[in-house]
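A.B. asks: Sharing the record's features from TrEMBL:
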| type | residues | note |
| --- | --- | --- |
| TRANSMEM | 249-271 | transmembrane segment |
| TRANSMEM | 312-339 | transmembrane segment |
| TRANSMEM | 345-370 | transmembrane segment |
| TRANSMEM | 382-405 | transmembrane segment |
| TRANSMEM | 411-441 | transmembrane segment |
| TRANSMEM | 472-495 | transmembrane segment |
| TRANSMEM | 501-529 | transmembrane segment |
| TRANSMEM | 541-560 | transmembrane segment |
| TRANSMEM | 572-601 | transmembrane segment |
Amino acid sequence: ERPLLFHRSGLKPQLDSVESVLPYEYTAFDFCQAEGKKRPSENLGQVLFGERIEPSPYRFTFNKKEICKSVCTKTYDTTKPEDKQKLDFLKKSMLLNYQHHWIVDNMPVTWCYDVEDGQRFCNPGFPIGCYITEDGRPKDACVINSEFHEKDTFYIFNHVDIKIYYHVVENEALGARLVAAKLEPKSYKHTHADNPDCSGVPMDISNKASGEVKIAYTYSVTFHEEKTIRWASRWDYILESMPHTHIQWFSIMNSLVIVLFLSGMVAMIMLRTLHKDIARYNQMDSTEDAQEEFGWKLVHGDIFRPPRKGMLLSVFLGSGTQILIMTFVTLFFACLGFLSPANRGALMTCAVVLWVLLGTPAGYVAARFYKSFGGEKWKTNVLLTSFLCPGIVFADFFIMNLILWGEGSSAAIPFGTLVAILALWFCISVPLTFIGAYFGFKKNAIEHPVRTNQIPRQIPEQSFYTKPLPGIIMGGILPFGCIFIQLFFILNSIWSHQMYYMFGFLFLVFIILVITCSEATILLCYFHLCAEDYHWQWRSFLTSGFTAVYFLIYAIHYFFSKLQITGTASTILYFGYTMIMVLIFFLFTGTIGFFACFWFVTKIYSVVKVD
């Protein structure tokens, strides 16, 4: 027999549901267990996502067909409280449509079924069971079998037909490789649990049943040679579960066209108008006419006046820079294929490690801008950069974790891991931030092209459009318009347990987002300067940072329109985790806007002649 080149197989023990954010350990349910097998170790990303792999009690040998093999039998006596509790937990999980997720050779096992219009839908998980309501309506997976018809009854999928597809390696001595794994869940009421035959009526558990309930778990395995699928493209069968990939090309082209159109407009307005402005200002200097100055040249003596609350702005810029570089590098690696879904937890691990190591640029940027804003309290600045934004995220994360602990969910992070994360933060990130800040403060303050006047100039009465708030609200619309379709897929992958693999698309959208944020901010900044309003620092940060508010509104809309989440704990968790994402997104987009505007202002005031 040829060997099968297995990496590892097992159950991804985390059972999750679209109706609840709380995933549970495989062992929380009273299923068959593999005795005496050790658990594979997880990386940081897997622990943070609550992914723990459990060894499987389902055993099979390559090319050895198994028909209706027994795994174990579970007996529940409803008169005993502990048995009744276990059975009730099973019923509740079937009611909430909890799903098994299995892996064979690191590949998710998919369950494919026909939906309307003759399409096939593949799901990288399959349900524990399903429920027929009191009025005889089948819920969730109960629609797949007409034999499920008893009212107020649960049907448990206690049998699986597993199909394993392999392809023989060219050098036959090497053996065969697994290229796909599919299964079909079935329900049988085995009359002889010791000698099952996998036929007969479905395994029903009436809601009002009392006395003894026996559930026998069985499985069948068949092997099929697949000559067409190569090892390199073995993940493609997962894509069958995503009928929406072609829509994505359309949406990307759509946002690209918007961006190109926008860029063209911005470039044309900027270059033509600015060119005229600069030519006119410099010409006026050469002619002897002491004409009245107007427009953005007027505020040259105030443009680099330090903003109010400069400490906070510099801290935000430091944290934003850290997130910006982290996102760029993570997505770049993901694009090259280092962080594919096959490499479980790699994306999260990479992001956390990068964030910890990028303390130095955060400290440096914060210190540099704080010094140029004329700040003196450098110790406070460093401490705030190290602890303010990470502290808020960690506090939110810790509260969410307490809720998960309280609910007994497998997504709760063990105490040891929390200590490890704190150690990474305090022992690596904080010292690196201090080093960055030391170099930032040692350097001279940023040289500005124009001097700042002693007395601040009065800002004239502004029209509605150039007031701060309308500008900020308008500024966030364009960047959000470019990303919201991708946002839908990302939220789906987080909350609806679909795989996210389109990192090339995501990297492209990331670049589009950076460009749009910069252009929108520069454009609005120019209008405000023309209206002789020189408070651009906070405004540029908030203009593009407002994209995060639209993100929050979209997340709320997504919660009510797309998710069927029930329960207080799940709702709190959804919004708790969303707030972390919104904060990170705010710092990230705000920083892009500020840097774009800073570059723009420095550029235009360095080419105009000032007396």
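Our numbering is plain: 1 for the first residue shown, then up by one each step along the chain.
Including glycine, each Cβ sits where the backbone N, Cα and C put it.
All annotation found in TrEMBL is predicted automatically rather than curated by experts.
Quick caveat, the model's predicted, so the values are computed rather than measured.
Could you give the neighbours, burial and distances for every feature on this list?
C.D. replies: Within its own chain, the transmembrane segment (249-271) has Cβ neighbours under 8 Å at 478, 481-483, 485-486, 505, 508-509, 512, 515-516, 519-520, 522-523, 526, counting only residues six or more beyond its boundaries.
Through the fold, the transmembrane segment (411-441) approaches residues 14, 22-23, 44, 47-50, 318, 352, 355-368, 371, 378, 381-382, 385-387, 390, 394, 398, 401, 404-405 of its own chain, all at least 6 residues removed from its boundaries and within a Cβ separation under 8 Å.
Taking Cβ pairs closer than 8 Å, the transmembrane segment (501-529) reaches residues 235, 238-239, 245, 248, 252, 255-256, 259, 262-263, 266, 269-270, 273-274, 295-296, 299, 303, 327-328, 331-332, 334-335, 339-341, 465-466, 471, 474-475, 478-479, 482-483, 486, 489-490, 536, 539-540, 543-544, 547, 589, 592-597, 600-601 in its own chain, all 6 or more past its ends.
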A.B. asks: Would you mind listing the long-range same-chain contacts of the transmembrane segment (541-560), meaning Cβ under 8 Å and 6+ residues beyond its ends?
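C.D. replies: Distant contacts of the transmembrane segment (541-560): 313, 316-317, 471-473, 475-477, 479-480, 483-484, 487-488, 491, 495, 517-518, 520-521, 524-525, 571, 574-575, 578, 581-583, 585-587, 589-594, 596.
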A.B. asks: Do any residues of this chain, six or more beyond the ends of the transmembrane segment (312-339), have a C-beta under 8 angstroms from a C-beta of it, and if so which?
C.D. replies: 346-347, 350-351, 354-355, 358-359, 361-367, 369-370, 373, 375, 381, 384-385, 388-390, 433, 503-504, 506-507, 510, 537-538, 541, 584, 587-588, 590-592, 594
A.B. asks: Do any residues of this chain, six or more beyond the ends of the transmembrane segment (472-495), have a C-beta under 8 angstroms from a C-beta of it, and if so which?
C.D. replies: 18, 21, 244, 248, 251-252, 254-255, 258-259, 262, 502, 505-506, 509, 512-513, 516-517, 519-521, 524, 539, 542-551, 554-555, 558, 562-563, 565, 574, 577, 589, 593
A.B. asks: Six or more residues out from either end of the transmembrane segment (572-601), which same-chain residues have a Cβ under 8 Å from its Cβ atoms?
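C.D. replies: Counting only partners 6 or more residues beyond its ends, the transmembrane segment (572-601) has Cβ contacts under 8 Å with 21-22, 303-304, 313, 316-317, 319-321, 323-324, 327, 389, 392-393, 396-397, 399-400, 403-404, 475, 479, 494-495, 513-514, 517-522, 525-526, 529, 536-537, 540-545, 547-549, 551-552, 555, 559, 563, 565.
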